[in-house]
Amino acid sequence: MLGILNKVFDPTKRTLSRYEKKANEIDALKADIEKLSDEALKQKTIEFKERLEKGETVDDLLVEAFAVVREASRRVTGMFPFKVQLMGGVALHEGNIAEMKTGEGKTLTSTMPVYLNALSGKGVHVVTVNEYLASRDAEEMGKIFEFLGLTVGLNLNSLSKDEKREAYAADITYSTNNELGFDYLRDNMVLYKEQMVQRPLHFAVIDEVDSILIDEARTPLIISGQAAKSTKLYVQANAFVRTLKADQDYTYDVKTKGVQLTEEGMTKAEKAFGIENLFDVRHVALNHHIAQALKAHAAMHKDVDYVVEDGQVVIVDSFTGRLMKGRRYSDGLHQAIEAKEGLEIQNESMTLATITFQNYFRMYEKLAGMTGTAKTEEEEFRNIYNMQVVTIPTNKPIARDDRPDLIYRTMEGKFKAVAEDVAQRYMVGQPVLVGTVAVETSELISRLLKNKGIPHQVLNAKNHEREAQIIEDAGQKGAVTIATNMAGRGTDIKLGEGVKELGGLAVIGTERHESRRIDNQLRGRSGRQGDPGITQFYLSMEDELMKRFGAERTMAMLDRFGMDDSTPIQSKMVSRAVESSQKRVEGNNFDARKQLLQYDDVLRQQREVIYKQRFEVIDSDNLRSIVENMIKASLERAVASYTPKEDLPEEWNLDGLVELVNANFLDEGGVEKSDIFGKEPEEITELIYDRIKTKYDEKEERYGSEQMREFEKVIVLREVDTKWMDHIDAMDQLRQGIHLRAYAQTNPLREYQMEGFAMFENMIAAIEDDVAKFVMKAEIENNLEREEVIQGQTTAHQPKEGDEEKQAKKKPVRKAVDIGRNDPCYCGSGKKYKNCCGRTE
């Protein structure tokens, strides 16, 4: 009965049968399309575009367009998409995620919806995780599109602005997620409209969509300049932390990675730094530096969380095992690690622009994705991106043998067993892929195999340049490859001659990842396109994940049975416990990403407002009306603050108002107290505003309209950019401290939204006030030029594969005066440096 109900109510089955129907319709056109000459096939593109102009939709063209691409693919590449690939293509066109197993031809599948959506002329972005894959796919699949008369662009990190603009102007653009995000941010920092490179975001197809929209979701892309801060405290805090003893002076929680000073540790800190109370407001910075130094020593491990390369601390991505060059830990943690490793400490940077992948990709009109593993994250894709996950059946049934986990008592026993298993398979020539979770594990297994005299390749964050080549060779007879996590995604492991007879590729997992998806990716490397294969995970009671669900009890049970370290157990109960532990961790990670998105949405709304207004500024030929509105708003606020409604008119501070108006808008004597005495606030505003407009007209007559228009743009852009930059910084500080509100029985998110909104309103008011003041009071120089508010921008993000020499991080240009942005200004005005001389330097 339940089976019948499932068939009736399972939406996936209904969706698949609908896709199958479409695939059959496309397949039915095969014979007709085959008869067309190359010229007639190319002509179809022009015909489709004309039909779209006459009012047909892309949905109306789907069946014919897919059939045309299918035939073009056969003629150009020799590959003819299977029916299941047609179904995957329909899923992508509908803005869903096509879950297709490894080796099922995802790249070819994407060509059909990409072509169909590119016919509108609005541009389609095909997104991959690294530049190697973007270049490869643009080269291989681009031939199909060019054969059909569409243009193809490849957007790389090394391109100039003109080359990028050309790449984005193409019908189809191949790029990495990082480059798309950074180009968007850079476009919203340009000073002239002609410098922008992107078009409005229309349709994107993301390859390895789970990696980009889930694993990378919390990673903000940041463009930054540098703030001058002393590095001395990092060195002092590091020297102090080295003297502390674990458990006695500080506590460390493995699960949360939380590090805390004990009472004894606090007393030691106070003695070491010669202060009375570590938590005195004056010692906030010291407290912060000690906390970060402590985290660097206790929670961050070399060759697991980061590696040291060429005198730089480089983060290791815990999901992909790749090095993330150019990306830095925030909040001073990176500097603390540099101090720990005895490296040169680099200054903290000032954020100029930032966005997360979650928010960038949600700006597209339509978004689709493909991957081999997405079903476990179905809820997240549905809730956050409004995308359904559709599991596309394989072209041939899966013949892989997924064996139950083997569980050992200790790590030592487990690794010995792994080395033994690899040795036995190597003896008969069966290729083996060993998957590890950390760089140090891959190096440990490498040592064990060396001792046994087994030649092998190690693929981890330290040598990803040769990644694709190593992975391609991993299916050859006698090949042994050790890979950290899923390095090498996007490259197929094809079986060499005689390997099928040996049982195909053997995949050995050395521990379970906290995400089932990563485990499934590792399994999926074997048994592609119906090939034979075997997968086996080796676990130990000392593994990170096993500790989380109470491995102590199981250890005690094994001791009672007198089990030694060389005998594994195959227990369904333990395997189920591991899976439920993974589900719990996945749930926690989803909640964390969802919460981050709620916080990030506050900044997203503000960013959209600022970027929209900023674009209007650079797009407009005449800003005078916008500037006049700003002046009026600023004036209304000034009048309201000096003539409060709750006070009697005789209590109003008219002297103060006259002084402010003459200082900020008019000149000495521009308005007298007698002019406004006895008038209502509205009348006062009108009178003063009329005089301001007269002065504005005189100024325009003096300098000429053309120079005045450029002057307005210079002022508005500078004020918007400076204030927005400070605002991002302030919002970040607010975000860091807001969780403390939970202790005060308030909802931190609600507080963040309310305070963030108030701060945003204050920022807009500050922009209006300063624009009004500068436009009315500043004199125009002859060499009028728009200029960036901070020189020396750098981008913090992942490296571009195989592009190391281009990766040399540009050191931002520092201002000549070595003074912090929030320090008192050196001119003696009493204002903060950033609000005084720092504004013009």
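Glycine is treated like the rest: Cβ placed from N, Cα and C.
Here Swiss-Prot has GLY103, GLU104, GLY105, LYS106, THR107, ASP492 binding ATP, and the candidate from GLN85, GLN469 in that same listed site is GLN85. The binding-site residues listed here are GLU104, ASP492; among them, GLU104 has the most other Cβ atoms within 10 Å of its own Cβ. The full span of the recorded ATP binding residues, GLN85, GLY103, GLU104, GLY105, LYS106, THR107, ASP492, taken as their largest Cα to Cα distance, is 17 Å. Between the candidate binding-site residues, GLY103, GLY105, the densest Cβ environment within 10 Å is the one around GLY103. Neighbour density for LYS106 (ATP binding site): within 10 A of its CB lie 25 other CB atoms from the protein chains shown. Candidate binding-site residues: GLN85, THR107. Fewest other C-beta atoms within 10 angstroms, THR107. The ATP site is defined by GLN85, GLY103, GLU104, GLY105, LYS106, THR107, ASP492, and by the 8 Å test on Cβ atoms against their centroid, the other residues of the chain that qualify are MET100, THR102, LEU108, THR109.
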